[in-house]
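Notes follow once the structure below has been shown.
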């Protein structure tokens, strides 16, 4: 989760988010180089007076300042397109989870098991334990196994919502009458927090998402306890 004075992205939980972090740093480095170069040229023009009375046109420099930005954009576009296709790729999932957005809470269904579904509400501040996270903790967390491909199907019953976990690098709209899907893999255990990222009404900021990533044996024990 985001912590106090954290100006960067959250620590990655999935290989996809690691790649997004690398792409962010890669693009930021290119932007920094462009900013320094343009700033240096503008400074030179302000503090120096260059004149050339024989210069009528400069085809060479025009070719350079047309081709060079195109090459720089290619260095940004190719990694971006690669990540875009990776995010849409659905690998063979080990587990399918269905998430349904309501005003203003989430419902979850484990489609691979019979009668395993529950609602997830934010815990009010006056009921929160000392170790809880204000406005982020829920009464029923999503329990998922780590190191497994998870497919999530997202929809809504009333208005637009958005199912988002920043540390996983996933964000998908929950649209009434439409089923969206995405794929992710968690490579470490822990609690991962997210919130609805669509302005869905008065209590939009009070429908958080909490995923608890656990080893497979803990997940199997939880499934047995929930289905019995």
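Glycine is treated like the rest: Cβ placed from N, Cα and C.
Check TrEMBL against the ranges 4-27, 28-51 and you find transmembrane segment recorded for 28-51. For the transmembrane segment (28-51), the residues of the chain that approach it from at least six positions outside its boundaries are 72, 75-76, judged by C-beta separation under 8 angstroms.
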